[in-house]
């Protein structure tokens, strides 16, 4: 009981710090024509809500890719769409096509900050708490200390709640951490599913894919590739393939759709920078 009481206090401290930082302004506020990354997140809600899914990643008169074009995987787009439905219910002006460009207000800022906090509460914070509680051979105090250090990590808080740059980083990190928990507890299929969701939310999680691949492949070898290890390998392959197919299904209808999304995610042909203000990969 004491452990969970202390862990609850740690979570409340983490939430308080996050919300306190969010009360400050954000990068790009009141600075046209781009208005910073805050506007990028708002604009993605505008695009995903108002345009057919086949147009999300294509340049058009309604979707100028030079103006915060969508350049993250499908799960990010779906998340933007979900937030857009809520925004539409509260105030349709927030996501009105064209006319909402550069929209700024205290009410909208509160809405955007709240979406980040809810994402933390649903995905990132539970993963951190469970991860720290599952740590073996360390005392309760050290588990609490680890949770406090992770939840108060300034880099993530300042980027997601202060600067507002590429927000919802905690979503991909949370999925990745759920993946770590899964494979650590021998829930290999669930762990693989969680990590696939992380990659399909932000492509930067590919940096963590090699350790996951090697760890799981090692498990297969350990169980003997001629027996249970081979069965596990097949199950893992099927889980990964099925996860990607489900996430990318709307973009698999046409070859050019798939290629365009990949071009947006990995801008090799555009160089590392696009329009001199966005670092992509």
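Any Cβ shown, glycine's included, is placed from N, Cα and C.
Note: TrEMBL annotation is automatic and uncurated.
Within the set 176-199, 200-223, the record from TrEMBL flags 176-199 under the feature transmembrane segment. Of the given residue ranges 81-101, 144-164, TrEMBL assigns the label transmembrane segment to 144-164. The transmembrane segment (110-132) and the transmembrane segment (176-199) are in contact, since at least 3 Cβ pairs between them lie under 8 Å (pairs 6 or more apart in sequence). Among residues of the same chain six or more beyond the transmembrane segment (144-164), those with a C-beta under 8 A of the stretch's C-beta atoms are 3, 6-7, 10-11, 13-14, 17-19, 21-22, 24, 26-28, 36-38, 41, 112-113, 116, 120, 125, 128-129, 132, 135, 138, 170, 173.
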